[in-house]
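*Asks:* What follows is a structure written as structure tokens; I'll ask about it next.
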Amino acid sequence: MHRSLIFLDNWIGKKAPSDMVTKMRTALKNVPYLWSMLDLRIPPADPIERVLNKCVTIEDLRDAARVRAPRPVFDFVDGAAGTERSSARALEAFDRVYNHPGPVGATAGIDVDLSVEVFGKRQAMPLVLGPTGFTRLSHSTGELAVARAAGAAGIPYTLSTPATYSIEDVAGIDPRPDLWFQLYVLRDRALTLDLLHRAEIAGYRVLVLTVDTPVAGDRRRDSRNGFTIPAKVRFGNMLRMARHPGWIKGVATSEPLDLASFPLTGQGDIWSRMKAVTDSNFGFDEISWVREVWDGPLVVKGLLDPQLARRAVDLGADGVVVSNHGGRQLDRTVAPLDALGPVLDAVGADASVFLDGGVREGADIAAAVAFGATAVLVGRSYLYGLMAAGERGVQHAIDIFRTGLDHHLRLLGVDAVMKLDQRHASLAPSPLGDAVWSRFDPAPLRVVPQTP
């Protein structure tokens with residue numbers, strides 16, 4: 001090749017005008033450089049690897065999930081209630097975070113410690129995979145894949161009451177994560193107690209009691225899509241479903257979708273029957289009954305009001321989750337990040353406070369911890385990974401959070417996540433101002449006796 005270039009150079013010098021000679025000789029000299037710029041590597045043969053190589057952020061995983069899953073399934077996971085402003089506000093609140101770096105030299109060339117202690121157990125980072133119902137809708141491997149990914153990452157996984165793999169199935173996986181169990185109190189208190197007993201026997205360490213779901217939210221995307229569980233194939237969506245052969249193959253080669261931890265009776269789809277057995281009249285004071293029947297750490301999830309959070313702690317909660325249920329219940333709520341500070345002030349050192357809502361990257365975790373949260377919970381983020389690439393997609397989502405958190409701490413000049421505090425981040429005022437503070441004055445505590 002070198003001799004050919006010399007020959008061309010000599011020929012150009014004899015045949016071409018002088019200005020053209022200069023340009024053509026420059027181009028010839030650049031041929032080796034231009035050749036080195038060509039990336040002729042063969043793309044990975046593994047289609048999952050090809051997908052994940054393009055996913056740098058959780059938003060990228062969301063885009064990949066949209067391609068793989070049928071629209072009704074994607075919308076069930078991605079959608080929220082009403083106008084979906086609750087979900088949007090949770091995300092937008094992090095746009096008002098301002099970072100304040102300290103001396104950064106201390107983090108060069110060292111291992112940054114991302115670990116935290118949660119209820120006496122060391123976790124690899126302040127991230128909990130939160131509860132999500134009907135997880136096998138996203139991928140046939142469902143809760144088992146999510147739990148294995150959490151176990152490999154050294155972080156907790158929360159199994160939901162409407163899970164599609166049973167309490168015992170998930171407890172038997174390897175590697176096993178720190179297992180938490182989310183409870184919707186059922187009308188049948190004996191069945192509720194049975195769920196708690198089975199969770200305790202199987203080794204679930206923390207109970208997460210959800211209190212923000214007296215009725216299901218107004219999921220307009222689901223209504224427009226005619227969504228049911230299991231999904232129905234109709235003439236109107238048959239062609240759209242056919243565009244997602246990977247998802248269809250998973251459904252066709254796995255057990256029929258159903259609730260795995262307890263039987264459902266009655267008419268209608270699984271979603272309708274689940275709503276029918278859940279106790280929509282469960283009172284806030286009945287937290288004390290749950291406290292009496294569960295010996296391990298108790299976390300109350302779904303609180304935005306500081307005084308209600310304080311009341312939950314007074315009723316026996318060891319922790320509270322500041323959450324608007326991903327915006328899937330009540331529309332136009334306060335953003336959880338805006339409610340975090342007031343809840344922390346109300347609860348003080350008497351309980352752990354977790355943030356759930358709007359967390360999409362490691363920097364978001366850092367902000368929540370800097371403001372005082374023990375850890376954050378995520379749901380949609382790992383479901384996007386599950387929809388896109390199964391267990392490896394969940395692992396990829398966790399890795400996005402881990403690498404992002406590590407990178408962010410290095411740029412802040414912090415060598416351990418537990419050293420984060422309000423010197424490192426500030427939150428610009430919400431449009432609500434002080435209106436985010438408590439708007440309720442709960443009545444005096446009243447312990448409610450409950451006969452199973």
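Glycine is treated like the rest: Cβ placed from N, Cα and C.
Nobody curates TrEMBL annotations by hand; they come from automatic prediction.
Annotations per TrEMBL:
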- 50-430: domain 'FMN hydroxy acid dehydrogenase' (DOMAIN)
- 131-133, SER160, GLN182, THR210, LYS301, SER323, 356-360, 379-380: FMN binding site (BINDING)
- TYR184, ARG219, HIS325, ARG328: glyoxylate binding site (BINDING)
- HIS325: active site, proton acceptor (ACT_SITE)
*Asks:* If you measure every Cα to Cα distance among TYR184, ARG219, HIS325, ARG328, the residues said to bind glyoxylate, what is the biggest one in Å?
*Replies:* 19
*Asks:* Determine the minimum-neighbour residue: among PRO131, GLY133, GLY358, listed as binding-site residues, which Cβ has the fewest other Cβ atoms within 10 angstroms?
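*Replies:* Relative to the other binding-site residues in PRO131, GLY133, GLY358, GLY133 has the fewest Cβ atoms within 10 Å.
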*Asks:* Do any residues at least six apart in sequence from ARG360 (FMN binding site), in the same chain, have a Cβ closer than 8 Å to its Cβ, and if so which, in order?
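*Replies:* When sequence neighbours closer than 6 are ignored, ARG360 (FMN binding site) has THR57, ILE58, GLU59, LEU91, PHE94, SER381 within Cβ distance under 8 Å.
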*Asks:* Just going by other Cβ atoms within 10 Å, which of the binding-site residues ARG219, LYS301, HIS325 has the emptiest spot?
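*Replies:* ARG219, out of the binding-site residues ARG219, LYS301, HIS325, has the fewest neighbouring Cβ atoms within 10 Å.
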*Asks:* Whole-number Å only: compute the distance from the Cα of ARG328 (glyoxylate binding site) to the Cα of LYS301 (FMN binding site).
*Replies:* 14
*Asks:* Using a Cβ-Cβ cut-off under 8 angstroms and a sequence gap of six or more, which residues of the chain neighbour TYR184 (glyoxylate binding site)?
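*Replies:* Correct list: THR161, PRO162, THR210, THR213, THR278, ASP279.
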*Asks:* In whole Å, how far does the CA atom of PRO131 (FMN binding site) lie from that of HIS325 (glyoxylate binding site)?
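*Replies:* Rounded to a whole number, the Cα-Cα distance is 10 Å.
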*Asks:* Taking every residue in the domain 'FMN hydroxy acid dehydrogenase' (50-430), what is their average pLDDT?
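*Replies:* Result for the domain 'FMN hydroxy acid dehydrogenase' (50-430): average pLDDT 93.
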*Asks:* Taking the Cα atoms as reference points, how far is ARG219 (glyoxylate binding site) from GLY133 (FMN binding site) in Å?
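*Replies:* Taking the Cα atoms only, ARG219 (glyoxylate binding site) lies 15 Å from GLY133 (FMN binding site).
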*Asks:* Taking DSSP three-state, what's ARG380 (FMN binding site) in: helix, strand or coil?
*Replies:* helix
*Asks:* Around ARG380 (FMN binding site), how many other C-beta atoms are within 10 angstroms of its C-beta?
*Replies:* 26
*Asks:* Sequence gap of 6 or more, Cβ distance under 8 Å: name the residues on the same chain that satisfy this around GLN182 (FMN binding site), in order along the sequence.
*Replies:* GLY130, PRO131, THR158, LEU159, SER160, THR161, LEU207, VAL208, LEU209, THR210, LYS301
*Asks:* Out of GLY133, ASP356, GLY358, ARG380, point to the one nearest HIS325 (glyoxylate binding site) in space (Cα versus Cα); all of them are binding-site residues in the record.
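*Replies:* Nearest candidate: ASP356.
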*Asks:* Are there any residues at least 6 positions away along the chain from ASP356 (FMN binding site) with a Cβ closer than 8 Å to its Cβ? List them or say none.
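*Replies:* Once residues fewer than 6 apart are set aside, ASP356 (FMN binding site) is near GLY130, LYS301, VAL321, VAL322, SER323, GLY326, PRO336, VAL376, LEU377, VAL378, GLY379.
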